[in-house]
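**Q** This is the feature table in TrEMBL:
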DOMAIN    39-288  domain 'G-protein coupled receptors family 1 profile'
TRANSMEM  23-50  transmembrane segment
TRANSMEM  57-80  transmembrane segment
TRANSMEM  100-118  transmembrane segment
TRANSMEM  139-159  transmembrane segment
TRANSMEM  204-224  transmembrane segment
TRANSMEM  236-259  transmembrane segment
TRANSMEM  271-290  transmembrane segment
Amino acid sequence: MENQTPITEFRVVAFSTRADYKWALFTLFFSLYVVGVLMNLTTVTVIYSYHHLHSPLYIFLSSLSIVDIYFTSVTVPKLLHMLLSGNNAVTFTQCLIQMYFFYLACSTEDLILLSMAYDRYAAICHPLHYQQILSIWKCSLFIVGCWVIGSLNALLLTLPTLKMTFCDSNEIFQFFCETKALTKIACAGTDVFYKTIIVEMMPIGLIIFLCTLISYVKILRVILSIKSTEGRKKAFSTCSSHLVVFTMYCGTAASVYLIPSSRHSGFLEEVITVVYAIVTPMLNPLIYSLRNQELRTAMETFFG
């Protein structure tokens, strides 16, 4: 691996360099991380413990919880270590590794959310053929495919960093190593990253969005055709949780790359990244457990 970079070590400048904020930030992120991990672990444990939850919907949900644990674990422990020790230096290799696993989490989460949209489409629009369309075996293949495609996509998004040259500044104004933050301090080689975003990342994101949108348009048509109010309410409740999670995650993730550069854009990017990389994975199991009667009942039984 060849990289012509005079600067081989970076300083991650997270939110503020002032020492009096560090304990408040440490407490905040530690709390978010612990709560998120415990809630997602609880979701996985409950789904695994009850045989009637071993259906494609809940298998996808448990897979989403596993990805969410992995998602936050890529960035938060390192951030906590930096806040606690005051050592915010990372080598170029460490930066690349963190970037790869972060993009792996992002890509896999996108694809699992798409798979869950397809699951809801099959369940509501083709209920009589649901088992044939999406069996447990097919569901498992979907999940494996999400991880494989996610790993390849992460590699394509990480490789452009090898073409960047860093000459003047080595301060990354983000709470982890992230390619867009690196482009702001690079003196050459950023064109490869932006071409990758346009050629690879934007189409994939657009395809995922359009496929999910088409699924919900068809789902909405079926729901509106149901005559009883109770039937419409029950049908919509099975997919409303996924719709909320998908909108919240994709909306904030896309905003990071669509924010125009300005004097305050760096801080705004950090805040939005915290929402989609830490807060959303923490809220996912809460949203599903509140909106899904079957899962909520299983949780009450499990803790009761």
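Cβ atoms here come from the backbone N, Cα and C positions, even for glycine.
Automated prediction, rather than curation, is the source of TrEMBL annotations.
Could you tell me the structural context for the features on the list?
**A** With a cut-off of 8 Å between Cβ atoms, the residues of this chain six or more beyond the transmembrane segment (23-50) that come close are 14-16, 58-59, 61-62, 65-66, 68-69, 72-73, 76-77, 79-80, 83-84, 278-279, 281-282, 284-286, 288-289, 295, 298-299, 301-302.
Tertiary proximity for the transmembrane segment (57-80) is limited to same-chain residues at least six positions away from its ends with a CB under 8 Å from its CB atoms, namely 14, 26, 29-30, 32-33, 36-37, 40-41, 43-44, 47-48, 90, 98, 101-102, 105-106, 108-109, 112-113, 115-116, 119-120, 123, 136, 139-140, 142-143, 146, 175-176, 238, 277-278, 281-282, 284-285, 288, 295.
If you look at the transmembrane segment (236-259), the same-chain residues 6 or more away from its ends with a CB under 8 A from one of its CBs are 57, 106, 109-110, 113, 116-117, 120, 123-124, 180, 197, 201, 205, 208-209, 212, 216, 219, 223, 265, 268-269, 272-273, 275-276, 280, 283-284, 287-288, 290-293.
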**Q** With a Cβ cut-off under 8 Å, give me the same-chain residues at least six positions beyond the ends of the transmembrane segment (139-159) that come close to it.
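**A** 56, 59-60, 63, 96, 99-108, 110-112, 115, 119, 179, 196, 200-201, 204.
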